[in-house]
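Trainee: Structure provided below as structure tokens; questions to follow.
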Amino acid sequence: MAPPPESETLRLHASFLCSLAIALLRAGRLSAASHLLSSLPSPPAPLLLRRLIPALATSGLAAAAIRFRPADPASLNALLYSHCRLRLLRPAIALLRSSRPTTVAYNILLAALSDHAHAPAVLAEMCKRGVPFDGVTVNTLLAGLCRNGQVDAAAALADRAGGITPWMSSAGTLSLLDIAGFGDTPAALSVADRMTAQGLPMDVVGYNTLVAGFCRAGQVDAARGVLDMMKEAGVDPNVATYTPFIVYYCRTKGVEEAFDLYEGMVRNGVLLDVVTLSALVAGLCRDGRFSEAYALFREMDKVGAAPNHVTYCTLIDSLAKAGRGKELLSLLGEMVSRGVVMDLVTYTALMDWLGKQGKTDEVKDTLRFALSDNLSPNGVTYTVLIDALCKAHNVDEAEQVLLEMEEKSISPNVVTFSSVINGFVKRGLLDKATEYKRMMKERGINPNVVTYGTLIDGFFKFQGQDAALEVYHDMLCEGVKVNKFIVDSLVNGLRQNGKIEEAMALFKDASGSGLSLDHVNYTTLIDGLFKAGDMPTAFKFGQELMDRNMLPDAVVYNVFINCLCMLGKFKEAKSFLTEMRNMGLKPDQSTYNTMIVSHCRKGETAKALKLLHEMKMSSIKPNLITYNTLVAGLFGTGAVEKAKYLLNEMVSAGFSPSSLTHRRVLQACSQSRRLDVILDIHEWMMNAGLHADITVYNTLLQVLCYHGMTRKATVVLEEMLGSGIAPDTITFNALILGHCKSSHLDNAFATYAQMLHQNISPNIATFNTLLGGLESVGRIGEAGTVLIEMEKSGLEPNNLTYDILATGHGKQSNKVEAMRLYCEMVGKGFVPKVSTYNALISDFTKAGMMTQAKELFKDMQKRGVHPTSCTYDILVSGWSRIRNGTEVKKCLKDMKEKGFSPSKGTLSFICRAFSKPGMTWQAQRLLKNLYRV
């Protein structure tokens, strides 16, 4: 038998693949179907094409359907419906106008545009093109007008004579009944009476429409009245009658009433459907009763109402908002495995949760998956993406997304703009944030309390109290009402700026104006009062909290415990812990971590470990903060073996060392001078899962170089470069410091040259380190070269720069240059450090210029710089050299009042200057006994 011709083979192959694609589409395997259709060897047969195009269109693969150029009306209508369902209205209109449309095609477009108030224009176009309208056309138009609240226009259309009224069916009248949803009870009941008068008796659908409308308008009593009318008319309620009540109760936090009605439905034998059960699941989720929601969700299959995408979306969205990621991902996997198609709400909820976890790459991937499923992102989706990017400090990319929104004619709202403003505020770019606030107002979008709260926080942090209060006054002028969040921002900002009295006054004003303040507001103020040292007032506000019937929660107790620990009052803190338990409140990780931190700061690691044991006995699991604090504390006291044991326990508990763990541990080793274990601990953490990035390597280099261990630092640098991590300014600054610490100045300058060669910009710390190196080896005369380099980089000397220069010249007895730098420094508003004053005073005392030394001593105190024991030793030695006993006695008296004792060298100076010949040794012993040196 001869084989079929090649063209016939291709046609049969295409038909087979086309049939397979249709089967895949029905099974919900859209990606596989799309891939299969892209490899068709020839166009499908017309008969098969009529089946394929509707299947593609209803699956949302409109783009794939268009390439087959549908010609018959059925395929065209299916494609048009797909565009409209995906809200791709412009392509839908273009497709309709480029073809020979039918009444059905226009009805499809009319249904999509009716919610946009464009339906009358579509009707006019139909008449112009000679396309007849039918009952569906009229009823669709009526439904659209009613949904848009144009009740009068709908009623006028229904009453219009000549050509339209005859087309109106019960469906159109039902649309008029739906005006109940706008709260117009008399009008809705009037329509019901007119239906009866026109020979259209009210059936279950009509009554259900009224019930649904009244429930949607919040008029549940009117809905109950309709239910009574329905029973009196002998019409049996069905599941669609009761569902609007359940939806209403669930949305208004009346879940118990919803379940009473649900049980009544079951008793009356009303079969529940997926809509009713999904509403109950949503109500439980809204109430935070996730376990019950999940149990009901699992019961749905058993009663024959399999969960649909709405049910899944409801649960996933609620779990995302509650931060329950594990359950969310499990449910998402189940949804995909059961072939339930994810909609835009699900994708958006998943993006929102991922964004809150800081996983911006996964957020963008999720959006790409949504796009691949032919879903068009809306304003909410884009806002979630922008918020995630801004929280990750990627505000530049967020701006690009905002531009993309505008290109797609998707209008940003107040939440979108507030997210962008928050992103700029976090980066300290307040001018940009303010510019976006202005842009909002130009577009008719009024900043809300969240927008202003963000700006107030930012201005307090970066530009101070006056600028923040100016934003607050702008807010009041715009008519935005103050709420408890704004009060918290203001109180927090004022207290952090040392204005606790103003914070307290503002708090009292807000409370006195009738604003309902909560635990958070009280906690912020109480914390500020404690930190300002005003314990009595803090306790007074704690009492006021209880007087207002707001019993202190765990957070309030944690503030009291934290502040008492900071003040060193551990006994009182412990009593608060006991009282907390007596109040029925369970101490949490934060409670114990607060006390553990305080003990570790004082080096009381034994007490801190005892608290860890108590924590475990109370079934409170230590977290990463607990372990970080204890491990660093133990390393800081030299208890290396105990620290290593806790590190192993931390990893066993499922915590990987973070860059914070690494930094705190290495710094603790540095402070306790356990330099022998630094590299071992670093390597151990790397093996335990520490992600090696530039921050980790810079920390290690800084610790090594601080102690002058430049050879080991060089080995670490080579390892870092071998891992593909490029050095940055911090890396080179650490290496330069290491060379300066070990007095290898030539190597320090060579490292600086290498830094420039690699196009890495130095900062002020780079130049100050080089200047400090020159000062430490007595080469301050070469500082001019460094200052020229600093000027080339566009940097100006800061306080530390002047301290180093003045101190260096003072030590070299270059009084003229030292005093010139000192005068220039204070002229710019900088306050010299005590070490700078000591160097300058010492230079004058060595030269016997005690008048100038005394003037500098007075000046330092005027500027709020407190003399140290070393300052007094320098002065006493200077006055002793010129045998001025009066000034020596005065200095010794000041020293004693401040709790200082003269050094052995100073006492030797005094003895040599003032003892009788041959009595120097006895005088020195007498002074030593007197000052217990």
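Positions of Cβ are set from backbone N, Cα and C atoms, glycine also.
Because TrEMBL annotations are produced automatically, they should be read as predictions rather than curated entries.
Okay, these came from TrEMBL:
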REPEAT    203-237  repeat 'PPR'
REPEAT    273-307  repeat 'PPR'
REPEAT    308-342  repeat 'PPR'
REPEAT    378-412  repeat 'PPR'
REPEAT    413-447  repeat 'PPR'
REPEAT    448-482  repeat 'PPR'
REPEAT    483-517  repeat 'PPR'
REPEAT    553-587  repeat 'PPR'
REPEAT    588-622  repeat 'PPR'
REPEAT    623-657  repeat 'PPR'
REPEAT    798-832  repeat 'PPR'
REPEAT    833-867  repeat 'PPR'
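Could you tell me the structural context for the features on the list?
Mentor: Confidence in the repeat 'PPR' (273-307), given as mean pLDDT, stands at 81.
Within the chain, the repeat 'PPR' (308-342) has long-range Cβ neighbours (under 8 A, six or more residues past its boundaries) at 27-29, 274-275, 277-278, 281-282, 285-286, 288, 290, 293-294, 297, 300, 349-350, 352-353, 356-357, 370, 373.
Beyond its flanks by at least six residues, the repeat 'PPR' (378-412) meets 344, 347-348, 351-352, 354-356, 358, 360, 363-364, 367, 370, 419-420, 422-424, 426-427, 429, 445 of its own chain at Cβ-Cβ distances under 8 Å.
Outside the repeat 'PPR' (588-622), and at least 6 residues removed from its termini, the chain residues within Cβ reach (under 8 Å) are 554-555, 557-558, 561-562, 565-566, 568, 570, 573-574, 577, 580, 629-630, 632-634, 636-637, 639, 642, 653.
Helix first, then strand, then coil: DSSP counts for the repeat 'PPR' (623-657) stand at 26 helix, 0 strand, 9 coil.
The repeat 'PPR' (798-832): residue composition by secondary structure is 26 helix, 0 strand, 9 coil, according to DSSP.
Away from its own ends, the repeat 'PPR' (833-867) comes close to residues 799, 802-803, 806-807, 810-811, 813, 815, 818-819, 822, 826, 874-875, 877-879, 881-882, 884, 887, 898 of its chain (Cβ-Cβ under 8 Å, at least six residues beyond either end).
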Trainee: Hey, which bits of the same chain come close to the repeat 'PPR' (448-482), Cβ under 8 Å, at least six residues off its ends?
Mentor: 414-415, 417-418, 421-422, 425-426, 428, 430, 433-434, 437, 440, 489-490, 492-494, 496-497, 499, 510, 515
Trainee: So how many of the residues in the repeat 'PPR' (483-517) end up helix, strand or coil by DSSP?
Mentor: 26 helix, 0 strand, 9 coil
Trainee: List the helix, strand and coil residue totals of the repeat 'PPR' (553-587) as derived from DSSP.
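Mentor: The breakdown for the repeat 'PPR' (553-587) reads 26 helix, 0 strand, 9 coil.
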Trainee: For the repeat 'PPR' (798-832), what are the same-chain contacts with Cβ under 8 Å, counting residues 6+ beyond its ends?
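Mentor: Here the qualifying positions are 764, 767-768, 771-772, 774-775, 778, 780-781, 783, 790, 839-840, 842-844, 846-847, 860, 863-865.
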